[in-house]
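Feature annotations, reproduced from TrEMBL:
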REGION    B:1-23  region 'Disordered'
BINDING   B:87, B:89, B:102, B:121  Mg(2+) binding site
SITE      B:104  site 'Transition state stabilizer'
């Protein structure tokens, strides 16, 4: 099946002059996220082209310090620094829902270390949930080749108990129990909308329980 | 009233070393957007702090070419270029709705020139509307000091007839008729949520008509 990308979109692997330079992250775990991130971006491009969802990775925020404006050619950034984002990396709209998530990989086999997340990301999840957003962590256990969507509410519960002297990681058994597995697909390779459908359905069932 | 900003957020006008450098846009109209953009950012910061909405301006996408990683200090971008965004500038979540918009100013007194918009922004609106997003143009007539939220569906209707040899602008009378006026407030100065409430209510009434 040939995908026609919307105007302005580049097909996967069409970066100019080889590999794009990727912004560094403060966490030493950042590199582990490369492959998952690429698969998510490919899936989002596919969902956009097939009109299934409109979800983008946000650009890395940059603090500009020096910009040259040469005559008759494009502006050149000469000095700039990476800023820490205030939000998570991905958001968009899917079937009327505001969707918001971050992607993390771990080599652990028994649990997902909470240090993969930052306070500002958890705070952002909390605010989006309060506004009725669908929020989750996209977690991959690279060694086990297992990928789950863990509802942000579960992540937040573990985050908060950590501050009260609790454990510093979420057990894989909990993620299997509370999360929704993303199974490998063909096109896209990471077909995560079925897992997202399950997460949304579970949210609604939970909401109905409280009524 | 003193606003306590969420962690990581800077209060308005707290940019380091004076005015931040603003990324250039391809349109010569870009400069006119400065003041409206600042007011929207202030309003979004206020809505975030008061837990009324979670709406952010997306960072300008940058194509990195050369980045230095000095030992024991932050990475420095040495060469980079501005990329054209694939989406509109603002999105977020408000009372369960995915909200998506772009802000434009015009000095015109009778109509809003469509050349303020780009094809990719209109395409993005179309895709978000298809997924049930709440999309609109934030339009200010600077000379008249009038600000409106114009539903993206109306903008798209004018955009499409333009391609069929129609007029190249949206008359102010149409914007007054179809749009929702943003009245000046005290805190924030640009209190646009009441107009957004009206826009959402009108969307729902229209949806109900079609059932």
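Cβ atoms are placed via backbone N, Cα and C, with glycine included.
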Requested in this report: May I have the list of same-chain residues other than B:87, B:89, B:102, B:121 whose Cβ is within 8 Å of the Cβ centroid of the recorded Mg(2+) site, in sequence order?
Outcome: B:85, B:88, B:90, B:100, B:101, B:124
Report summary line: Here the recorded positions B:87, B:89, B:102, B:104, B:121 meeting chain A with a Cβ under 8 Å reduce to B:87
Requested in this report: Look up residue B:104 (site 'Transition state stabilizer') in the DSSP assignment and reduce it to helix, strand or coil.
Outcome: strand
Query raised in the report: What number of additional C-beta atoms lies within 10 angstroms of the C-beta atom of residue B:102 (Mg(2+) binding site)?
Result: 25
